[in-house]
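The next block holds one structure in the form of structure tokens; read it before the comments.
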Ligand code: XMP
């Protein structure tokens with residue numbers, strides 16, 4: 001089935017992906033394309049949204065695409081830079097603003113319009129720009145203003161073209177989603193036909209015809225993406241999907257056996273490969289973080305390659321790649337640049353990487369992956385799991401790595417995570433874990449002096465891991481967790497809580 005499709009032209013705004021997520025939340029399919037690569041088949045798109053941009057329209061190197069095939073021919077919503085772009089090149093005027101135009105503002109309506117159905121006067125919107133629209137373009141009609149921005153929303157008479165100086169996609173624009181719905185559904189007539197159920201049905205059908213009777217191999221990590229990808233493939237090709245779940249010895253306590261059981265319970269054709277000894281032997285005594293990562297990557301490829309070879313006639317490698325990994329991004333500084341991650345199926349790579357690639361999730365954002373998983377009845381705990389780094393606990397043990405340190409950290413981490421769950425804090429935290437520090441400090445236990453390890457607990461809020469803030473966990477929780485760790489984990493006599501945000505700190509300590 002061909003879905004109604006919305007084209008989002010990216011001018012390099014930090015918020016472009018947010019526009020796409022808001023549109024998808026309305027059950028409308030959309031794609032992001034760079035402004036300088038407008039797709040050829042515009043007949044496939046039912047409406048167009050122009051994003052914001054870090055550029056000034058007045059700058060010579062600013063994006064100035066030719067929109068003549070779109071403007072007036074498709075319903076169009078121009079956001080921020082888009083709104084200024086329309087004004088600047090179509091008979092209006094854009095100039096540096098001399099009042100503050102960043103942050104919250106309140107809308108007042110100048111003219112009634114379907115764009116504002118269900119939105120009340122005074123609705124909060126989010127401004128983020130330094131130029132301002134001094135005069136509307138030819139045939140422009142003012143729809144709304146704010147205290148500091150006269151031309152906050154306008155439309156072009158005689159076209160289905162709307163423009164907003166503020167950002168409806170940002171959560172701080174409280175009625176932003178309603179406004180997008182008004183434009184897309186009521187004004188542009190786009191159908192809301194993109195649902196998790198429709199995605200599952202169509203993807204399973206596509207996978208069936210693409211893969212036929214071919215065998216597919218997939219590496220499960222215990223994380224959300226690979227698990228949902230496996231479930232979709234399993235629905236499509238059943239036993240022809242060969243899943244491999246590798247224990248690198250650096251997973252959380254009991255994770256390998258628990259998650260393996262869960263996978264088996266889901267009916268997956270999964271092989272658990274316990275390669276802990278191979279990883280830990282290779283890592284013994286290594287302290288440099290990048291060396292640890294390289295060793296783990298190399299050993300993983302060796303193990304996976306061996307296992308993939310053992311499957312006769314396997315043709316495909318499935319990956320849990322998601323949409324943010326494949327969107328071509330527009331550089332905010334050096335003009336348009338395509339920084340797309342790609343898979344290079346060329347010589348010199350391990351055999352399994354020469355397989356054809358299938359990526360069933362590459363159209364989805366992370367939150368959509370979870371919704372798709374839920375619609376297939378997958379376990380809530382599996383779908384709600386925190387992200388966990390590929391190199392696992394190795395990059396949470398600062399300094400040289402030994403089996404004993406892995407054991408200590410697994411115990412500490414298990415207490416921390418179980419307590420987050422029992423205090424119902426786990427789902428409020430984006431990622432949490434414990435770090436084993438390379439310092440011993442003095443303590444007393446009973447009458448005895450101790451000289452033992454220190455651990456740091458870290459819990460952060462984030463949306464994508466690029467920026468993060470530490471979570472204000474209740475003191476009582478920290479107190480109980482610290483006591484439990486020191487009482488139960490032999491070798492640890494001190495617990496600290498990490499209160500650094502990213503940037504400048506990173507989430508992992510190595
Ligand atoms: P940082 O420490 O860079 O982490 O703030 C951001 C996110 O990335 C994860 N992370 C990794 N994931 N291999 C991975 O698969 C790695 O080497 C790696 N290093 C960091 C980290 O857990 C966080 O979610």
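Using N, Cα and C of the backbone, Cβ positions are placed for all residues, glycine too.
TrEMBL labels come from automatic prediction, so no person has curated them.
Going by TrEMBL, these are the annotated features:
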type	residues	note
ACT_SITE	80	active site, nucleophile
ACT_SITE	167	active site
ACT_SITE	169	active site
BINDING	221, 222, 223, 224, 225, 226, 227	ATP binding site
DOMAIN	194-385	domain 'GMPS ATP-PPase'
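Sitting within 8 Å of the Cβ centre of 221, 222, 223, 224, 225, 226, 227, and not among those site residues for ATP, are the Cβ atoms of 220, 228, 320, 385. Counting every protein chain shown, the number of other Cβ atoms lying within 10 Å of the Cβ of residue 221 (ATP binding site) is 16. Within 10 Å of the C-beta atom of residue 80 (active site, nucleophile) sit 26 other C-beta atoms, taking all shown protein chains into account. If you take the C-beta of residue 227 (ATP binding site) and look for same-chain residues 6 or more apart in sequence within under 8 angstroms, you find 220, 263, 373, 378, 382, 383. For residue 167 (active site), the spatially nearest entry among the recorded positions 80, 221, 222, 225 is 80, judged by CA separation. For residue 223 (ATP binding site), the same-chain residues 6+ apart in sequence whose C-beta sits under 8 angstroms from its C-beta are 320, 385, 387, 388. When the recorded positions 169, 225 are scored by other C-beta atoms within 10 Å, 169 scores highest.
Of all the Cβ atoms in the protein chains shown, 22 others lie within 10 Å of the Cβ of residue 224 (ATP binding site).
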